[in-house]
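Here's the structure, in structure tokens; my notes come after.
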């Protein structure tokens with residue numbers, strides 16, 4: 001998954017099973033303009049890390065320093081840079097209507113600013129043209145956690161307000177070069193998780209954390225303030241890009257620009273007032289952290305009160321910039337959690353302590369042998385509730401499910417659990433639509449197996465299996481690919497046939 005299993009409380013969650021989601025549906029039950037697709041991201045899919053002018057990203061550095069779980073890297077990954085034509089053909093054969101992928105800033109503008117790499121430009125033009133030839137909508141993420149290392153070295157990347165101008169200039173290149181064929185743009189992937197994992201717990205690049213808050217060895221960073229600084233700069237960056245697009249491109253190109261959020265639905269562990277408040281506080285610290293400023297112009301009151309002077313403030317000019325700077329909301333949603341009250345500790349706190357909740361995925365902790373840390377259970381109802389909550393809390397925006405899928409340590413082609421998962425969550429989306437939520441698309445994570453940011457090559461999420469031991473990186477369809485294809489092609493009740 002993107003950064004997704006990192007949600008809020010990395011590696012400490014257990015897993016639950018809650019049923020839900022419409023059953024007996026077909027493709028025709030969804031609105032005519034609704035799109036179904038699948039997703040990847042640049043560092044996780046492309047490979048070709050040192051080819052054709054690409055410069056390192058913070059993920060290259062993080063992985064090569066051995067900080068990932070399996071010590072693997074995305075140097076080759078699924079080798080999408082060389083295999084995209086075959087993959088797009090496979091997408092068309094599967095019946096995909098859209099494909100969400102990210103652009104590598106370091107491949108397009110290797111120094112982070114300045115000269116455009118013509119080989120990078122050629123590659124992305126080729127991908128977009130290949131999709132158009134096959135009748136597949138491109139949905140582009142401008143940055144999927146892979147900041148150019150050059151900017152990290154120069155001014156600490158997201159910790160500096162200088163990132164706003166550099167990112168906006170990069171986005172300008174993308175809109176100018178690709179916007180005649182791309183109508184759906186997402187600025188940032190999971191800023192709520194990028195700030196937490198990259199600058200508090202340290203499990204995501206660039207791996208900043210400070211003791212005792214990190215979940216890894218902490219050598220650089222300050223967990224008490226850096227998550228808030230980086231999220232603040234991400235919000236300002238997103239808003240600046242939206243303003244650029246609206247003023248310079250939207251009237252001509254007719255596209256839309258949104259932001260992506262990691263979504264985890266929080267149930268109260270009990271019906272106590274304290275747990276009900278904890279579940280709401282979790283939502284405010286997760287969804288509200290990013291969306292409240294972009295809709296209402298400021299952070300949620302509970303964050304301002306709890307974090308106090310450690311939370312940056314917006315100037316009046318910045319408030320005017322950020323308020324209303326969303327055309328759509330993209331969410332990455334994988335599972336739900338039970339949340340209960342945890343007293344707010346005195347003294348030094350990080351984001352997790354500021355939130356003052358405990359979270360788990362089972363109401364009672366199961367024996368450890370009954371779950372795998374790379375897997376999680378099905379709760380389609382949680383996705384439905386999340387969508388309905390976001391609509392009620394932040395407005396009737398269009399929504400796209402930009403990632404949803406099931407990772408597993410099982411590398412088999414026969415993956416009925418993934419079929420059940422995807423089928424259930426698509427049903428949850430349909431339930432939300434029937435309840436009035438303007439959901440316009442659903443993307444499975446991932447189209448093919450990729451390098452997972454938390455699990456490396458230990459977890460597989462692809463509809464299509466990639467043999468990472470074979471230099472040719474061959475693809476083979478899993479049962480889930482066959483089910484999804486049958487569904488997209490209108491079969492009323494796709495038969496689950498094990499792949500040959």
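Cβ coordinates are placed from backbone N, Cα and C, and glycine is handled just like the others.
These features come from Swiss-Prot:
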ACT_SITE  190  active site, proton donor
ACT_SITE  403  active site, nucleophile
BINDING   44, 144, 334, 403, 445  beta-D-glucoside binding site
DISULFID  209-218  disulfide bond
CARBOHYD  222  N-linked glycosylation site
CARBOHYD  410  N-linked glycosylation site
SIGNAL    1-24  signal peptide
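Everything Swiss-Prot records as a feature, shown here on the structure.
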{"residue": "209", "record": "disulfide bond", "contacts (Cβ under 8 Å, 6+ apart)": "199, 200, 201, 202, 215, 216, 218, 221, 223"}
{"residue": "222", "record": "N-linked glycosylation site", "contacts (Cβ under 8 Å, 6+ apart)": "208, 210"}
{"residue": "410", "record": "N-linked glycosylation site", "contacts (Cβ under 8 Å, 6+ apart)": "460"}
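In the three-state DSSP scheme, residue 190 (active site, proton donor) is classed as coil. Counting only the Cα atoms, the space from residue 44 (beta-D-glucoside binding site) to residue 190 (active site, proton donor) is about 15 angstrom. When the binding-site residues 144, 334, 445 are screened for a C-alpha within 10 angstroms of the C-alpha of the residue listed as 'active site, proton donor', the residues that qualify, in sequence order, are 144.
Around the Cβ of residue 445 (beta-D-glucoside binding site), 29 further Cβ atoms fall within 10 Å across all displayed protein chains. Least packed by the Cβ count within 10 Å, out of the recorded positions 44, 190, 218, 334, 403, is 218. Here is what falls inside 10 Å of the CA of the residue listed as 'active site, nucleophile' among the binding-site residues 144, 334, 445: 334, 445. For residue 144 (beta-D-glucoside binding site), other Cβ atoms within 10 Å of its Cβ number 29.
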